[in-house]
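A.B. asks: Next up is a structure, given as structure tokens.
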Amino acid sequence: MNIRTDTTLLNAINTEKLTAYYELTKPGITFTVLASMLIGFILGSGSEISYMTMLHATIGTWLIASGTAAHNQFLEWRFDGKMKRTQQRPVPASKISPKQSVIFSLGLIFGGLIYLLAVVNFVAGIVSLLTTLIYLGIYTPMKRISVVNVFIGAIPGALPPVGGWAAATGHLGSTTMWILFTIVFLWQVPHVMAIAWVCKDDYSTAGFQMLPKNDGKGFKASAMILPCLIALLPVSAGLYLVGMNSWLYLVGAIASSLVFLYYGIHFVFKRNKSSAKKLMFASFGYLPAVWAFVIIDLLLL
């Protein structure tokens, strides 16, 4: 009876620990990174996709993206503990120690980097390394220094499709690749600003320099959000203009961009938590919708 009880308790502890490590990798964000990388890989491959290379690129990117997310939580765990939104993350909630998190995260980062360099190609590995260095070395500390962190963070956030393109082609010289980069870059500004507005009290408590903290009426946030949303209309159409996708993608991308813009305009007029929350949810759906239209277009036309 005691042996069974001890075994059950041990299994529960192991399951809780594994769940905590899984949460440390921010699976939602990591999935978004993988989706963007795969779009870059598929478009870069053209008519001949190497599914084995795609698998290797996915494994390597998953490792390094998971490690980057985990190391970010190690760097910010003291601040996460001050915010309601993040205080239950593994490290501030004491599910994993800071030492365990840094060993785990660095193991994933270096493992993913070595994997990409050895199995995929040098350029893909360097793009992933650059993504991690900018995210952890510049963006993460900048969040406590200046509101421009939004634009700095958008750079590593927009690099996954570049990494996917590099994995497929071994080079970076393509208009299509930079269109993908720009789509993700522009998307991130309203996405992050909406989240920052909804959670501005939390961010202020933790000392993060997000724009809504010093923008009570929302005019500055509106000035950052609206131009990016307007720019998404021609930029998202770029894949059609360069001949990468057909009219089906164009219709879907423009429709998605118009819906996103609608909620952005709604925020500009209202500038309150409710309109920010609607914009936030619109941002959650925008990128998956555009990527879905890319794939549907390639499959049907």
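Positions of Cβ are set from backbone N, Cα and C atoms, glycine also.
Just so you know, TrEMBL annotations never went through curation; they're auto-generated.
Pulled from TrEMBL, these are the listed features:
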TRANSMEM  24-43  transmembrane segment
TRANSMEM  55-75  transmembrane segment
TRANSMEM  102-135  transmembrane segment
TRANSMEM  147-166  transmembrane segment
TRANSMEM  178-198  transmembrane segment
TRANSMEM  219-241  transmembrane segment
TRANSMEM  247-269  transmembrane segment
TRANSMEM  281-300  transmembrane segment
A.B. asks: With contact taken as 3 or more Cβ pairs under 8 angstroms (pairs 6 or more apart in sequence), are the transmembrane segment (55-75) and the transmembrane segment (219-241) in contact?
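C.D. replies: When sequence-distant Cβ pairs are counted, the transmembrane segment (219-241) does not touch the transmembrane segment (55-75), since fewer than 3 lie under 8 Å.
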A.B. asks: How about the transmembrane segment (178-198) and the transmembrane segment (102-135): do they have 3 or more C-beta pairs under 8 A, pairs 6 or more apart in sequence?
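C.D. replies: Between the transmembrane segment (102-135) and the transmembrane segment (178-198), which are separate recorded stretches, there is no contact, as judged by 3 or more close Cβ pairs.
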